[in-house]
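Features reported for this protein in TrEMBL:
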{"type": "TRANSMEM", "residues": "B:6-24", "note": "transmembrane segment"}
{"type": "TRANSMEM", "residues": "B:31-51", "note": "transmembrane segment"}
{"type": "TRANSMEM", "residues": "B:71-104", "note": "transmembrane segment"}
{"type": "TRANSMEM", "residues": "B:111-128", "note": "transmembrane segment"}
{"type": "DOMAIN", "residues": "B:128-414", "note": "domain 'NADH:quinone oxidoreductase/Mrp antiporter transmembrane'"}
{"type": "TRANSMEM", "residues": "B:164-183", "note": "transmembrane segment"}
{"type": "TRANSMEM", "residues": "B:203-221", "note": "transmembrane segment"}
{"type": "TRANSMEM", "residues": "B:233-256", "note": "transmembrane segment"}
{"type": "TRANSMEM", "residues": "B:268-291", "note": "transmembrane segment"}
{"type": "TRANSMEM", "residues": "B:298-318", "note": "transmembrane segment"}
{"type": "TRANSMEM", "residues": "B:324-347", "note": "transmembrane segment"}
{"type": "TRANSMEM", "residues": "B:401-424", "note": "transmembrane segment"}
{"type": "TRANSMEM", "residues": "B:448-465", "note": "transmembrane segment"}
{"type": "REGION", "residues": "B:490-523", "note": "region 'Disordered'"}
{"type": "COMPBIAS", "residues": "B:501-523", "note": "compositional bias 'Basic and acidic residues'"}
Amino acid sequence: MIDSASLLAVLPELILTAGGLILMLIAAYGGDATARIVNWLAVLTLAAAGLALSCSLAHGPDAFDGLVRADAFSVFAKALIYGAAAAAILLAPRYFSVGGVPRPEYPVLILFSSIGMGMMVSAGDLLTLYVGLEMQSLAAYVLASFMRQDERSSEAGLKYFVLGSLASGILLYGSALLYGFTGSTGFDGIAVALSEGVSKGELFGLVFVLAGLAFKISAVPFHMWTPDVYEGAPTPVTTFFASAPKVAAIGLTVRVAIEALGPAGLQWQQVVIFVALASILFGAVAAIGQTNIKRLMAYSSINNVGFALIGLATGTPAGAAATMSYMAIYVVMTIGGFACILQMRDAEGRPVETIASLAGLSRSRKGLAAALAIFMFSMAGIPPLFGFWAKFLVFDAAVAAGLTALAAFGIAMSVIGAFYYLKIIKTIYFDEPAAPYEARGGAVENVILTACAAVIVFGYFLNPLLDRASAAAAASLF
Amino acid sequence: MDGFPILSLMMAVPMAGAIACLFAGANQARWIALLATLADLALGVILWMNFDQSGGAAQWQFQEYAPIFGRFAWALGIDGIALLLIALTVFLMPICIGASWLAIEKRVQEYMAAFLFMEVLMIGVFTAQDLYLFYIMFEAGLIPMYLIIGIWGGADRIYASYKFFLYTLLGSVLMLIAMMWMVHEAGTTDIPTLMAYNFDPHIQTWLWLAFFASFAVKMPMWPVHTWLPDAHVQAPTAGSVILAGVLLKMGGYGFIRFSLPMFPEASAQLAPLVWGLSMVAVVYTSLVALVQSDMKKLIAYSSVAHMAIVTIGLFAFNQAGLEGAMMVMLGHGLVSGALFLCVGVIYDRLHTREINRYGGLSINMPRYAVLFMLFTMASVGLPGTSNFVGEFLSLMGIYQASSWVALVATTGIILGAAYMLYLYRRICYGEQKNADAAAMPDLSMRELWLLAPIAAAVLWMGVYPESFLAPMRPDIRALEARLAPAAPAGDSRIKLGAPKPVEDAHHEEATATSHEEASGEAH
């Protein structure tokens, strides 16, 4: 039964759908010349969807008989997703205009992907979950190979598609098992069935679902695709991959783990702890030898997902809140970091990706160097930058839940991670200058860069707000 | 002064200076930095004059509280211990800026900004009354110091900067986990409340070890001191001054503010560990210092030895030891800073730290030789200089707790005299082996003005230490009272009720030891 309350609860998705379809028509009829206007309209659509979030919250939490949840958690995650998607759109034109024209399909695909991501974080049923996930992924496969004349980009798209379908298959298999053994695809129904004891079949289903999700968040041991895809995809697309879908997948994982699999907490906790520690360790160690900055950011994202999962591993409301806060801060750092990477262009404006080319940046481009240093120190978790607070929250939640050993091990591993971030700062500040970059960045890039840097430096003043929002988001899950 | 946020102002002034420096020209940046640090020095003087030393006042003064950060607050406040360390910081900062006036030629703006930011954080560490605020200030210091060593350091600066950063970071992160645990247990982040909270003695051991990991690295204690010689040798002169003068004191401050009052039982239980490491440090690093051919390295190793005297004093669990430890920290802050400046003076002229390249400097640099002599003697612990007071009190304190430790630690003073006098002889006396060293001009007015205030302070502290003991005495007494139930029984205490001759013997023994110490220092 479709009622108006349900429709109002999914208003953000409706706006994105309508906007996406209209923009696609504009793109189809207007051709590449419309790229600029479509870009801005897409950002406007995302902003409108963001405004509609308050409407969706007012008509939540359940819509369509529990298939969709429009609660504080989904609103929190969607706000991050829409913001990150908008940034990914805004950062793109300059990159694509080198050696070609920007194409209007790019913002449209991101809009469609955003619909999928919105569905992911507000799924209340395995079916909604899967549809949302596939919608997000399909758009993402195309985006990865967006520079189709570029071999690396096509390779990245293909690799992402093949491995992504495999993961989707695993997830679907796990869903089928869960449905078969619990008799329900709804998260509530699954939770009720699991609370009467976890059978072997349910355990299998749980592990398969988690494995599929681990692929989507690129957690070890399902991370293999990440470095190649991040390196091969066009940089704005990598920016997008590292931010919005990451939030969506983590949000989805948190929701499934707590709402659907909550009663089986003891079972999945071990899995999550292992995945978290393995991601932290692998992400930190494997990043040390990298020479390509995008590859390094890929390992950095694996590392960060590990930290975020420590919050989930606690299984407490404080832990879930910490994970979501972590993602919020992580998204700001990542977008800021990539806004810096996008400005790595040689004198002719062609993008450069080697870390060595950053040498001596602090003398040719002081502002850019300082911003990149801020993001790197922040990612390394050094106070007084905001990245420290992200780590603080997850470890604090772990200590509060009695997982002191996990927290101690995780934080000790973060020192290994600090090394490769320091390496970048060393290259920027200590090394002799290499060939200089283009003299100045684009206006949009600089605005985004400055905004992100300001959040990272003055973030502690946002603490009360972040605390309240993330606590409300987490409370709606329990 | 009631209600006036002087502590926040003391942090705001250098912060504003740091931001202004980034947007100024090179020469302007020098002046901005100098003015900002001098303004902070003036504020420091005002702070000291308004600090109630009567002992009847509340322990925490100039308190500020603003709960603006959600889980933690902007809570500041100082007691006598913090006051002295803040005074040391604001006193050394203008000298550091002056020492960098000509030595730093490239990227002056960033250099001055980094130093001013460093000052903000150092004052923040000593004033923070919120556990997490303290941690943030404590850790944030890594960023400017990493840049100072890495950008303006010597040839092997990159290795040294990594080592400094990762070593201290690894030490600190475990402390953060312990802090989280404490806050969940006690339900507050307020440091004064936590200082009076009684944690379960079994847990205390773990918490103590976590804090120890951080402070021992920062201090630095043997065997985790190896980052210090590297960092010192590679850092620019002013970087070494601030590193030795203030940053090392954060470790000692951490022990006296956190480890001892928060975990008294664990401190008593693990005191033998600290004593053991300190004894090794005193003897071993002194011997290592003796064979160094690099001046800065020699002074760096001597810092490790002096810091071991601090830890020995701290873990004596009595007033003499605690006051002595504080006095050594202050004295060492001044003296080692001055010694690094002395090294900087001749390094600026000849661009080498090799001791053998110099010789006979007392002939062509008489003023330099006199001041260098004063600081050498102060480092040795000659009566009348700052270090004598501290070392004497520390050793007196530890003698009551363990006579064996006192015995071993006292040898450090003899060895200290050996390596410092040997250094002085090779640089200032003897024949002038190298023509270029013999042609070096004496101290300029600027250099004289850098060293003279420190010399005055060193003598003041040595002649009339009461000025420095009075502000902290009530706080040290409070700490001693807090430690009293757990303090280990000393091995040199004579049982009460014993016949008179025994007490006489004890008296003689004590006098004999102090004679021995005095004669050891006079060498």
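Just so it is clear, glycine is given a Cβ too, placed from its N, Cα and C backbone atoms.
What you are looking at is a predicted structure, and each value in this text was computed from that prediction instead of being measured.
Spatially, the transmembrane segment (B:111-128) is adjacent to the transmembrane segment (B:233-256); three or more Cβ-Cβ distances between them are under 8 Å for residues at least 6 apart in sequence. Here the transmembrane segment (B:298-318) sits apart from the transmembrane segment (B:31-51); fewer than 3 CB pairs are under 8 Å, leaving out pairs fewer than 6 apart in sequence. For the transmembrane segment (B:233-256), same-chain residues at least 6 beyond its ends with a Cβ under 8 Å from one of its own Cβ atoms are 81-82, 85, 88-89, 92-93, 95-97, 99-100, 103-104, 115, 118, 122, 125-126, 138, 141, 145, 148-149, 152-157, 159-161, 211, 214-221, 294, 296-297, 299-300, 303, 307, 310-311, 314, 322, 325-326, 329, 332-334, 336-337, 340-341, 343-344, 347-348, 353, 479. Sequence-distant contacts of the transmembrane segment (B:164-183), counting only residues of its own chain at least 6 positions beyond either end whose CB sits under 8 Å from a CB of the stretch, comprise 131-132, 135, 138-139, 142, 145-146, 149, 189, 194, 197, 199, 203, 206-207, 210-211, 213-218, 224, 226-227, 230-231, 262. Among residues of the same chain six or more beyond the transmembrane segment (B:203-221), those with a C-beta under 8 A of the stretch's C-beta atoms are 167-168, 170-172, 174-175, 177-178, 181-182, 185, 227-228, 247-248, 250-252, 254-255, 258-259, 262-263, 265-267, 269-270, 274, 277-278, 281, 304, 307-308, 310-311. Beyond the ends of the transmembrane segment (B:31-51), by six or more residues, the same chain brings 1, 6-7, 9-10, 13-14, 16-18, 20-21, 24, 61-62, 78, 80, 83, 86-87, 89-91, 93-94, 96-98, 112, 115-116, 119, 123, 471 to within a C-beta distance below 8 angstroms of the stretch.
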